[in-house]
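The structure's right below; bear with me while I get my questions together.
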Ligand SMILES: [Zn+2]
Ligand SMILES: [Zn+2]
């Protein structure tokens, strides 16, 4: 067996006192505790190794047996004894409640890793959902299909055929990793026998070939509420990939994006729409028809003498505010379209208009050019 020496694991001498052992264990356990190293497999394995070593060496009888026979004292013709894992788990929570009792927070079992090796939390999944601005306006019930793996129903995730149970791997004693000496170096690697799972399935489940999970396309209904904005992230807890061998499921994150709209730009709950008006409408007044996000249309009265960039506010025709009864406004910004491709007659009419025009017709231009003259005249005198 290529298991590490328990004294070596704790970094103490074979003659170490119980007190020394406890101090060493406490220090190591602190730094490798899974709650302090979330997602770190190496740390988890180390942590288990440390626990196992301490459990043995802190017990006078077990220590004596270990000193005489080494690891062989506890192995029963290969794998660890049945029930060993559970006993060990309970023992550990006692120790941990004593050591880290106050700082660990949460209710029983919260944030604690499941005991069995190979039990893994499923991966988080991301789903990109693109909806239109109209759908963001009304809200949308969307059915999404996610390719994912789910816990195998036949074996409930154990990977073992009905009526059989996985057994603890004899090569690594259930730790999933083995240490081997190569020259001067001790190297640790994934157990070649169980491939890191810590257990062996002799009789694999026919539905999942022993993986404990099967690939499926899952259909989920999600309700996109009215008023959602681009970039919103919706977390669906537990809807991600199934955990491995009974581990908890990951989460599903729906990333929402909203397609750019042909007419409307959005700013929070307000919508903006740029609308061209003719020179004549701008000068003489008129009424224009503009689109509304709910699919309807509305009229906007353009007063005589309207300039480009003038905004008209239509109250309550914007986007709904998420989880509230408020609604934004619609802003219509007009720009005056200069006529093009004029006929001879049209040119004559415009020229005729221009000849009759007075500074009062174009107060902005008149004002601007007289200011320019003043400015340069003043500069010349100085
Ligand atoms: Zn199965
Ligand atoms: Zn193994």
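Cβ from N, Cα, C; glycine included.
Here's the feature list from TrEMBL:
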- 5-70: domain 'J' (DOMAIN)
- 139-217: zinc finger (ZN_FING)
- 139-217: domain 'CR-type' (DOMAIN)
- 152-159: repeat 'CXXCXGXG motif' (REPEAT)
- 152, 155, 205, 208: Zn(2+) 1 binding site (BINDING)
- 169-176: repeat 'CXXCXGXG motif' (REPEAT)
- 169, 172, 191, 194: Zn(2+) 2 binding site (BINDING)
- 191-198: repeat 'CXXCXGXG motif' (REPEAT)
- 205-212: repeat 'CXXCXGXG motif' (REPEAT)
What residue among the binding-site residues 155, 208 has the most other CB atoms lying within 10 A of its CB?
155
Using all protein chains in view, find how many other C-beta atoms are within 10 Å of the C-beta of residue 191 (Zn(2+) 2 binding site).
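For residue 191 (Zn(2+) 2 binding site), the count of other Cβ atoms within 10 Å is 23.
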Where the criterion is a Cβ under 6 Å from an atom of ligand 2, which of the binding-site residues 169, 172, 191, 208 meet it?
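What lies within reach of ligand 2, judged by Cβ under 6 Å, is 169, 172, 191.
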From the binding-site residues listed here (152, 172, 191, 208), select those whose CB sits under 6 A from an atom of ligand 1.
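Going through 152, 172, 191, 208 in sequence order, those close to ligand 1 turn out to be 152, 208.
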Measuring CB to CB from residue 205 (Zn(2+) 1 binding site), give everything in the same chain under 8 Å that is also at least six residues away in sequence.
152, 154, 155, 158, 159, 160, 161, 162, 212
Rounded to an integer, what is the Cα-Cα distance in Å between residue 191 (Zn(2+) 2 binding site) and residue 208 (Zn(2+) 1 binding site)?
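A Cα-Cα distance of 22 Å.
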May I have the list of same-chain residues other than 169, 172, 191, 194 whose Cβ is within 8 Å of the Cβ centroid of the recorded Zn(2+) 2 site, in sequence order?
170, 171, 173, 174, 175, 176, 177, 178, 192, 193, 195, 196, 197, 198, 199, 200
Which has the fewest other Cβ atoms within 10 Å: 152, 172, the binding-site residues listed?
152
Note the Cβ centroid of 152, 155, 205, 208, the recorded Zn(2+) 1 site, then list each other residue of that chain whose Cβ lies within 8 Å of it, in sequence.
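Result: 153, 154, 156, 157, 158, 159, 160, 204, 206, 207, 209, 210, 211, 212, 213, 214.
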Looking only at C-alpha atoms, tell me how far residue 172 (Zn(2+) 2 binding site) is from residue 208 (Zn(2+) 1 binding site), rounded to the nearest Å.
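With distance taken Cα to Cα, residue 208 (Zn(2+) 1 binding site) is 24 Å from residue 172 (Zn(2+) 2 binding site).
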How does the repeat 'CXXCXGXG motif' (205-212) divide up by DSSP, counting helix, then strand, then coil residues?
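For the repeat 'CXXCXGXG motif' (205-212), the helix, strand and coil counts are 0 helix, 0 strand, 8 coil.
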Measuring Cα to Cα, tell me the gap between residue 208 (Zn(2+) 1 binding site) and residue 169 (Zn(2+) 2 binding site) in whole angstrom.
20
